[in-house]
Amino acid sequence: MFARSALGRSDQLVTALNSQKRQFVLTAATTALGSLLFSEDNRLASQMEKGLLHNKNAENSASIPNTANKFFSRPEAEYPGHVPLYTFEKMLMFLGSSVGAYTHPERNEFIVALGESTAITPVLRRLQHQMLSDPVGRQILRERPRMTSTSLDLEHLRELPDNTIGKTYVKWLDKEGVSPDTRVEVKYIDNEELAYIYQRYRECHDFYHAITGLPIIIEGEISVKVFEYMNIGIPMSGLGALFAPLRLKKSQKERLYNIYYPWAFKSGLNSKPLINVYWENILEEDIDEFRKTMGIEQPPDLRNLRKEYFKKLKEAKKIV
């Protein structure tokens, strides 16, 4: 019993010593921290009294650029209608319009957004250099023509001889039920001249349909896009050539891969640069001579091929 009592007192003594030790360490740490704080306060107070602190901070603040404001400030518009975008906004527009254009290719707003979000500066600079290296291209950049039903005078074009470029163009417009007035203004490309170059490409698209005779149905659009990509190099046209056929039926893919892709590759590569064609000045020229001069072969009539296919399909069903 005596041993247990002695052992208990010993444990109490150890506990008390440990408690005192912890209290001592805590007190010492608090004292040291307080000393550092007071020392820092004293040092700052001394600098303030000598007039050193404020001068130093003023110099530092004047020398540090306001990078935060620069990063978050939106650039000013470079031309009427221009909408400057941050890089992450352009990426979001690209992703959203890519999905939209694939799932709903009939919706023009997705096609427009995808086209501008992929019209990267190096591609447009290459087209700019191509135009500046050609006398007609330089004339286009200098005069900045715009294509509308008024500027093209569609009524006059309807009176031209059948084999002229102008008559071929307006007949294609009437047959497909489209108008040059439907082309949307470019607004997301940051440089004013590059924006015009892309606008010019966009407005000339219907001429590429007209001179090749390809309709605005999905197969015709894809074929023209491949032709454009091989000649002009607009990225969206290449994306369309890769992904648009994935949604098509087997018969449509076969026509594209066996007939129209080979034609588009050959004609697009062999043709002179389409971006340098001043269409407004050659509307009364012979279209066959134009195709020959440019190096463009006319593809088989897509609508006739489709009619023949459906006719054979119908006859096969009757036989079965």
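Backbone N, Cα and C atoms are what each Cβ position is placed from, and that goes for glycine too.
In Swiss-Prot, the Zn(2+) site is described by His205, Asp206, His209, and among Glu219, Glu221 the residue recorded at this site is Glu221.
The binding-site residues under consideration are Asp206, Glu221. Their Cβ neighbour counts within 10 Å are lowest for Glu221. For His205 (Zn(2+) binding site), the same-chain residues 6+ apart in sequence whose C-beta sits under 8 angstroms from its C-beta are Arg183, Val224, Glu228.
In sequence order, Phe207, Tyr208, Ala210, Leu214, Ile216, Gly220, Val224 are the same-chain residues whose CB sits within 8 A of the CB centroid of His205, Asp206, His209, Glu221, the residues recorded for Zn(2+) being left out.
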